[in-house]
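Below you'll find the structure, written out as structure tokens, and then a few comments.
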Amino acid sequence: MAGAIIENMSTKKLCMVGGVLLIFQVLAFLVGGLIAPRPTTSLAFLAVKCVDVRRPHHNPKWLLPWGNDRCNSIRTFDEAANRLIEANDIVFSVHIPFQGHEMSPWFQFMLIILQLDIAFKLNNYIEDNAMVTLDVAMAYRDELTDPWTELAHSVEQRKLQCTFPASKTPENEGRYYECDVLPLIEIGSVTHKYYLLNIRLPVNERKKINVGIGEINDLRLVTIFQNGGFTRVWFAMKTFLTPSILIIMIWYWRRIVMMTRPPVLLEKIIFALGISMTFINIPVEWFSIGFNWTWMLLFGDIRQGIFYVMLLSFWIIFCGEHMMDQSERNRISIYWKQVGPIAFGSCCLFIFDMCERGVQLKNPFYSIWTTDVGANLAMAFIIVAGICACLYFLFLCFMVYQVFRNISGKQSSLPAMSKARRLHYEGLIFRFKFLMIVTLACAALTTVFFITTQVSEGNWKWGEFSVELNSAFFTGIYGMWNLYVFALMFLYAPSHKNYGDDQKNGRDGMSSGEELQLTTTITHADGPTELYRLAGKESQE
């Protein structure tokens, strides 16, 4: 009887396949650790205080911090007071990037956060629940001689979360508060060379706008974007892996449809996992180099979410199909209690993502973290997602334990078989258990590497070599899941090799009782592997 490749391939060939996959896995980590630079780069800017006495202020005029058309600027607010310049006439200007440099589409996205330097004054302190109002506008151009074109403009509010590290006494006047950074803007593409930010802090005492926010002396901005060198390595990996997964997926399904029986649920879910992996692999990001696709961040989150939904569902169904009796198998409705929460959680995360990056497609200055309700909701989503991930991993470990116990219980029929046949099935059980352990290792490795990169960012020095931890995490885990899906489709594809033919002499030596028991144990049910059929024999006996 023909089974899957994982059962009929010789141990020597199987070890060779495993060795090749291990080499590619090591290469995936090395590409990120030794070749790719760190995933992101940050630039810190100190805003220049420009003076704009025009009326009204909403007329489009862009103030530059440097260059031939640089604005009329001041150094301190004391200078502004001496020159009788009002607070509403001051514009904080930042040019991105620095003079003599250019932005690039290879940077993929740009996130800007804001840091306020607020000095303590007894007569001008930060009130409780203080809100700072920002009239912020962003423009772009591709040549230094081109006029500026408005990209976005909005009036935003951000809540100040500041603490004073000393006692609030006259001796400590002038010391700065310690304030949390504020999210300012996030755009999903960097298609232009130069960007300009003009930020006003409008003051209106009657409407309580920017009142009770302390004495703001400076605005500091940090711009974070994807490193262009990392982007090239990432695109190259996607371009290489896409045809690999696509070819093995077509080959796998072609072998499935060539069989006389219809595909079972386990084979369908493996094929669906291959489709989701192909979907996340397709390097559509290449088009973002030439097109202003600001939705790429949201699209990437959706693709990644679909893959993880399929992966989590696959593990549940894969374990369940090796635990259930034959009468309960091959029905997706059986798993609604396990798959339903996965789908529900994914929908919640999708809604959360749409509330953040979906709105940013219209207003890039929007952030769900700017209000108490939004921040609490976002934090609740993150905490619940972390708890659910831990619970899922524990539940998966429990299911794997149940599968091992179920398979071990079926081994009671093996001693009655001939030695050759018994060794064969013992080998199948060992291979299956090894695959399950690898599955758990992949899930655990993802969690461990994620925690490691959060705790220890940067790089490690090994002699003359510098290993970028974050880059190794991204490329290594991405390569690991591709190799895992590749291995599943290859090993669980129907084999053209018939184990019974290869062991003809051994079968001729079996007694009629052994043959009858083998038939009762194995051949009564359809399935991708002999072990799959062995695990479900109970209901037929």
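In case you wondered, yes, glycine gets a Cβ from its N, Cα and C as well.
In TrEMBL this protein carries:
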DOMAIN    48-226  domain 'Wntless GOLD'
DOMAIN    227-496  domain 'Wntless-like transmembrane'
TRANSMEM  14-36  transmembrane segment
TRANSMEM  233-253  transmembrane segment
TRANSMEM  265-282  transmembrane segment
TRANSMEM  302-320  transmembrane segment
TRANSMEM  332-352  transmembrane segment
TRANSMEM  377-401  transmembrane segment
TRANSMEM  428-452  transmembrane segment
TRANSMEM  472-493  transmembrane segment
Hey, which of 265-282, 332-352, 377-401, 472-493 has the most Cβ-Cβ pairs under 8 Å against the transmembrane segment (14-36)? 472-493
Which residues, given as numbers and ranges, are at least 6 beyond the ends of the transmembrane segment (265-282) yet have a Cβ under 8 Å from it? 238, 241-242, 245-246, 248-249, 252-253, 256, 303-304, 306-307, 309-311, 313-314, 317-318, 321, 329-332, 481-482, 485, 488-489, 492, 527-528, 532
Beyond the flanks of the transmembrane segment (332-352) by at least 6 residues, Cβ under 8 Å: 265, 302, 305, 308-309, 312-313, 316-317, 320, 324, 368, 377-378, 381, 385, 388, 392
